[in-house]
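Record features, source Swiss-Prot:
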BINDING   CYS113, CYS116, CYS119, CYS162  [4Fe-4S] cluster 1 binding site
BINDING   CYS123, CYS152, CYS155, CYS158  [4Fe-4S] cluster 2 binding site
DOMAIN    104-133  domain '4Fe-4S ferredoxin-type 1'
DOMAIN    143-172  domain '4Fe-4S ferredoxin-type 2'
TRANSIT   1-36  transit peptide
Amino acid sequence: MRCLTMPMLLRALAQAQAARAGHASVRGLHSSAVAATYKYVNLREPSMDMKSVTDRAAQTLLWTELIRGLGMTLSYLFREPATINYPFEKGPLSPRFRGEHALRRYPSGEERCIACKLCEAVCPAQAITIEAEPRADGSRRTTRYDIDMTKCIYCGFCQEACPVDAIVEGPNFEFSTETHEELLYNKEKLLNNGDKWEAEIAANIQADYLYR
């Protein structure tokens, strides 16, 4: 009688397992081939007409864009907010900001405006009206300087045309009113604005001096 050693037993077990695996794969292929010939009851094939294809594409796109939008929202949820709590907080203004108009004076208190009327001529909205008379010393000064702020388009041409930096557009942008008449500025109103913002206006002009 032949005695079986351990290596022989292991080899026999490996051959038996390989044979079983081969039979299983053959059965799987056979089952797949048979299943392909089955007729499934109530199986609805997707319609391939243009309307159905378009509807399916639209639904897919809708959900895709919806998920992308939600993802974008969540990505900004924990970031630093870009908005500020206006009017309690205010953002920085450029030195070139064009806001409410003002007429400036020299440090001596003398009006800068020499009544050349260049600002009146250059204004594309025809919002500026100037009247002037000569003084006893021969210099010309304005007797009337009106700006209709409802016409002004804040182009800054008046400020650029002025040879003595008399008319400027100041840093104030909060000058809403309840009546139309309050937006018709006269010379006194403009000079008061200039006196109020002179330090800031002078600093802005100096900051922008190299680019003028």
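For all residues, glycine too, the Cβ spot is worked out from N, Cα and C.
Since this is a predicted model, take the numbers as computed values, not measurements.
Distance between Cα atoms for CYS155 ([4Fe-4S] cluster 2 binding site) and CYS119 ([4Fe-4S] cluster 1 binding site): 12 Å, as a whole number. If you compare Cα positions, CYS113 ([4Fe-4S] cluster 1 binding site) sits closest to CYS158 out of the binding-site residues CYS123, CYS152, CYS158. Annotation: CYS158 carries the greatest number of neighbouring Cβ atoms among the binding-site residues CYS155, CYS158, CYS162 [cut-off 10 Å, Cβ to Cβ]. CYS119 ([4Fe-4S] cluster 1 binding site) falls within a helix when secondary structure is assigned with DSSP. Of all the binding-site residues listed (CYS113, CYS116), CYS116 has the fewest other CB atoms within 10 A of its CB. In the shown protein chains, 22 other C-beta atoms lie within 10 A of the C-beta of CYS119 ([4Fe-4S] cluster 1 binding site). Confidence annotation: the domain '4Fe-4S ferredoxin-type 1' (104-133) carries a mean pLDDT of 96 in the model. Each residue in ILE114, ALA115, LYS117, LEU118, GLU120, ILE130, CYS158, ALA161, PRO163, VAL164, ALA166, ILE167 lies on the same chain as CYS113, CYS116, CYS119, CYS162 and has a C-beta within 8 Å of the C-beta centroid of that [4Fe-4S] cluster 1 site, without being one of the site residues. Same-chain residues with CB within 8 A of the center of the CYS123, CYS152, CYS155, CYS158 CB atoms, the [4Fe-4S] cluster 2 site residues themselves not counted, are CYS119, VAL122, PRO124, ALA125, ALA127, ILE128, ILE153, TYR154, GLY156, PHE157.
Look at CYS152 ([4Fe-4S] cluster 2 binding site): DSSP puts it in coil.
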